[in-house]
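Down below is the structure, laid out as structure tokens.
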Amino acid sequence: MDAEVGYVDTHAHIFDADFDSDRAETVARAVAAGVRKIVLPAVDSHSHRAMIDTVRQFPEVCHAAIGMHPTSVNENTKWRDELQIVRNLLKEPPVKWCAIGEVGLDLHWSTSSLTEQCQALVIQMQLAIEYDLPLILHVRDAWNEIFPLLEPLHGQIRGVFHSFQGTLKDYRQIQELGNFAVGIGGFITYKNSSTVKVVEQIPIEDIVLETDAPYLTPVPFRGTRNESAHIPVIAAKIAEIKGIPVEEVMRATTARAQSIFF
């Protein structure tokens, strides 16, 4: 592997309590595996301190995004207060933010908060424009609902569709929005993953790598906690699917991640 390039994990929650006992070792394993940078997306204010502390502890490797996860809106009458915290942290940043995220729409568990989720997303997209930051978008069971919110901002927003498991049609709609990549993670290694056929047809230049650690652990480690050191496994699977050298996957995905976040 080209040590000068290395990998970028564009989505990992290594500030999560699951890593409290071995966070330093987790980062060291990632670096040893060739991961040079890790993007840490926010969820809500309950984990901001842990995320900021992690970035301060590993400033060369870890880079933070700030935002409110769509499921944090569900059943939450104080979601606007949460967004005010996001605004305050953008105005007076305790660390350098590399993105607004993760934000989006998630209708998997409930559709009752769709209106509020849409309102929260629109507000955070405007913050991304105001602060000239990319978006980390979370979309689950909500493709039909999210595009009408994004399309009016064509050319004004950019970023990553995290954990992309949509169709080729969804990918093509994403490309019409402008400068957006799709994040591919451990799910690409799962038996019968529908994303394999989509990844076959997506240009490698439009893909970035992610783990979503501690979730979505790739085969052969499935059933254990995911971590950024597993990025090469995901890269190798993409290389296999596309019939290209893994070094090409590394170079292309890292170049795209660099252009978006850094």
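Yeah, the Cβs are placed from backbone N, Cα and C, and that goes for glycine too.
Among the features that TrEMBL reports, divalent metal cation 1 binding site is placed at H11, H13, E102, D212. Cβ neighbours of H13 (divalent metal cation 1 binding site) (same chain, under 8 Å, six or more residues apart in sequence): L40, P41, V43, S47, D212, A213, P214, Y215.
Annotation source TrEMBL lists divalent metal cation 2 binding site at H138, H162. Counting Cβ atoms from all protein chains shown, H162 (divalent metal cation 2 binding site) has 27 others lying within 10 Å of its own Cβ.
Excluding H11, H13, E102, D212 themselves, the residues of that chain whose CB lies within 8 A of the CB mean position for the divalent metal cation 1 site are, in sequence, A12, L40, P41, I136, H162, S163, E210, T211, A213, Y215. Long-range C-beta contacts of H11 (divalent metal cation 1 binding site), restricted to its own chain and to partners at least six residues apart, with a cutoff below 8 Å, comprise V39, P41, E102, I136, V160, H162, S163, G183, G185, E210, T211, D212. Take the binding-site residues E102, D212: by the count of other Cβ atoms within 10 Å of each Cβ, the lowest one is D212.
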